[in-house]
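Read the structure below first, then the notes.
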Amino acid sequence: MYEEKKNVQRCYRFAFKDDCKTSLIGQLLIRKVVNEYVKIPYDKIVLSRSSSGKPYLEQNDNFFFNVSHHGDFCVLAADYNSKVGIDVMKVKYREKRSVSEFFSLMRKQFSSHEWNFIIQPGLEKEQLGRFYRLWCLKESYVKAIGTGIVFDLQSLSFSCTTPILPQGTITTDTKLYEKGQLKPLWKFEETFLDDNHCVAVATEPIKQIAEQDIGDHDQLKLFNFLFVQ
């Protein structure tokens with residue numbers, strides 16, 4: 001009960017009311033998926049946080065989950081026996097500086113391969129879409145390993161075999177390289193939830209599972225909540 005009170009208090013720290021609401025929705029999504037898939041009654045669920053602040057289920061440490069919220073969506077991904085990270089971004093630029101200035105500021109977070117993918121000729125909106133797509137991928141990976149955004153993002157380089165993400169279709173052929181080395185156990189699932197929101201899910205099987213079988217995972221179920229103003 002003490003941890004639950006802390007979770008609610010954490011939500012109220014957000015400066016904007018909408019962020020507070022979507023954070024609370026995220027907490028409810030976690031409890032919903034734990035109840036439905038781990039079969040723990042709502043009043044028996046015990047959620048705690050690791051030393052890095054990542055939430056986990058005390059009753060089953062082989063059930064992994066992660067939540068993200070941005071724009072109009074709050075999303076959750078969960079899986080047994082695999083590290084999980086998820087990130088959602090609204091592809092809508094609202095900064096005061098120009099897009100070119102924004103790109104100049106953010107360039108150092110991406111590898112040369114990624115940056116060439118982002119700035120290929122096309123409409124500014126398409127470039128922003130590729131930028132946010134790669135940002136989602138990076139954040140989903142960092143959230144899955146649980147180290148936080150202090151991770152050196154430029155050391156991660158994603159290769160997007162499918163150049164354009166179709167809405168409503170999950171793409172699974174993106175590859176991750178870290179410091180030039182392929183990370184073959186990591187799987188990434190991507191899609192556009194609507195015209196303006198991209199989402200990425202990162203998974204890696206835990207060691208004992210990975211050593212037995214590195215085949216394809218079952219496709220994750222994505223829970224999303226449309227926040228109506």
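Cβ coordinates come from backbone N, Cα and C, glycine included.
Over in TrEMBL, the protein carries these features:
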type: DOMAIN; residues: 6-79; note: domain '4'-phosphopantetheinyl transferase N-terminal'
type: DOMAIN; residues: 84-201; note: domain '4'-phosphopantetheinyl transferase'
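Broken down with DSSP, the domain '4'-phosphopantetheinyl transferase' (84-201) shows 43 helix, 30 strand, 45 coil. When pLDDT values are averaged over the domain '4'-phosphopantetheinyl transferase N-terminal' (6-79), the model yields 83.
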